[in-house]
Amino acid sequence: MRYYRITIIRFINKYTKIMDWIESDSYLKGIINNKPKLHDPVRVASFDLDDTLIVRSKKTQKWKLVDSSIKQKIAELIENKYIIIVFTNQGGMSLNKKFDKPLWRKAMDDLVKILTSETDNDFYFAIYVAKKYDIYRKPNIGLWNLMKQDIKDEFNLDSVQISTKSFFCGDAAGRIYPSMFKKKLYPTSKGGDFSDTDRKFALNIGIKFLTPEEFYLDSKNSENLKTNYKLSGVNPTEIIDEIENTKLVNYKFKPRKKEMIVMIGQPGSGKSFFVKNYILPNGYVHINQDKCKTKAKCLSETENALSKGKSVVIDNTNPDVISRMTYTNLAKENNYDHVRAIIMETPDELAKHLNNVRHIYSSGTVPKVTDIAYNIYRKNFVLPQYEENFDKIETVTFYFDKSMLDDPKWKRSFMKFSEYK
C-alpha cells in the first residue's frame with residue numbers, strides 16, 4: 001500500500017510541481033520527489049536562498065532570480081544525478097507575527113516550477129527552513145541531518161552516503177569586500193558579506209563551498225572569483241590545538257567556613273563548570289536560578305542555607321550591583337564575614353561558542369541563550385566593589401578541562417563553527 005501511495009505522490013508531484021510541506025515548531029520543510037531511486041553515493045547540490053537563488057524586494061514579497069542562467073544549471077545538475085536542496089534561515093517566521101507563511105510557501109512553489117522548467121528528468125527538490133535560533137539554524141547542521149533522515153525514509157535506505165561531489169552555495173561567505181554580485185544587486189553597498197554562516201555551514205558538514213559567483217560564472221580561472229574572507233568568532237581547531245599543546249595551570253580554590261560566593265559572568269563563560277568542579281566538592285550549597293526557576297525561590301533557599309550556617313555559592317550571571325547585593329545583604333544580615341566575588345573572565349566569542357556547544361550537545365533540549373540576553377548583560381555589567389559587602393574579589397581566567405575532549409559527542413559539538421554576531 002505504501003509503495004502505491006508513494007508512486008501516486010510522485011506522479012502528482014511530477015506534473016503539478018507542488019511541494020509537500022511539513023512544519024514543526026523549529027523548522028519548515030517542503031519536498032517534491034518523482035525519482036524512483038537515487039544515485040549512490042547521493043550527490044547533493046545545495047543552496048542558500050536569498051541573494052543566492054533569488055533577490056527579494058525589501059518592501060514587498062516580490063522576488064526575481066539572481067541570475068538567468070540558474071534554470072539551465074539546475075537542469076544540468078539534475079541530468080548529472082544531483083538532488084537539489086535549499087537550506088535557508090528565516091528567523092522572521094518566528095519573530096515577526098505578521099510573516100505570511102502561506103504566501104511564502106506559494107512563492108517557493110512558484111520558484112521550484114521556474115527552477116525546474118528546463119528539465120524533463122525526474123528530480124528530487126527540497127527546501128529546508130530554520131525558523132528559530134536553534135540546532136536547525138545555519139551554521140548548525142540540524143537541517144542537513146533532517147535532509148539525510150528524509151532521504152532514508154523516502155527511499156527506504158539503511159544509511160545515506162554523501163558523494164564528494166556534493167556542495168553548498170551561499171552568499172554569506174565572510175568576504176571582507178563587496179562581491180561581484182553584491183555590487184550588481186545592491187549598487188550603493190560598500191561593505192562585505194553580512195555574515196559567514198554559509199561558509200561555516202559547509203565547513204561543519206564537510207562538503208565543498210561555493211560563492212554564487214563561483215557557481216554561476218563557472219570561470220576556468222576561478223582564482224579571479226575568490227576574495228579575501230574572515231570567519232567571525234572562535235575557530236574550534238585553533239582552540240583545541242592550544243588546549244592539547246599547552247600545559248594549563250589549575251585554579252587554586254581555597255574554601256572558607258561559613259562563606260557566600262557570588263559568581264559573576266556572562267552566559268557560557270564557564271561559571272557552572274567552575275562551580276561544579278571547584279566549589280561544590282567542598283560542601284557549598286548550590287543556588288542556581290535554572291534550578292530554582294524563580295528569583296524568589298533562589299532567595300528563599302539562600303536564606304534557608306544561611307540560617308543553618310552553611311556555605312553557599314550563587315551561580316547566576318549577577319552583572320550589576322543590585323543583583324549581587326540582593327544576596328550579599330542576606331549574608332550580612334546573617335553575620336557572614338566571608339563574602340567572595342568570583343569573576344569569570346571569558347572572551348565574548350568563546351562564551352557564545354560554548355553557549356552553542358551546550359545547545360548542540362543536548363540535541364537542542366538546553367535552549368540557547370539569546371543575543372538579547374548577552375547585550376543586556378554587557379549593558380548592565382559593573383565590576384564588583386568591596387562596598388557591596390565583599391571581603392574578597394577574585395578573577396578567574398577561563399579554564400578548559402582537557403577531560404571534556406574524552407567525550408566524543410562533546411568534542412564533535414565543540415568542533416562545529418558557530419554563528420557569531
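Heads up, the Cβ atoms here are built off N, Cα and C, so glycines get one too.
Around the Cβ of S269 (ATP binding site), the number of neighbouring Cβ atoms within 10 Å comes to 26. Residues or ranges marked as ATP binding site by Swiss-Prot on the basis of sequence analysis: G265, Q266, P267, G268, S269, G270, K271, S272.
The annotation region 'Phosphatase' is assigned in Swiss-Prot to 25-231.
Residues or ranges marked as region 'Kinase' by Swiss-Prot: 235-415.
Residue environment of K271 (ATP binding site) contains 26 other Cβ atoms, counted within 10 Å of its Cβ in all protein chains. Predicted-model confidence for the region 'Phosphatase' (25-231) is 93, expressed as mean pLDDT.
Summary of the ATP site environment: with the site residues G265, Q266, P267, G268, S269, G270, K271, S272 set aside, the chain residues having Cβ atoms within 8 Å of the Cβ mean position are T317, M344, T346, A351, L354.
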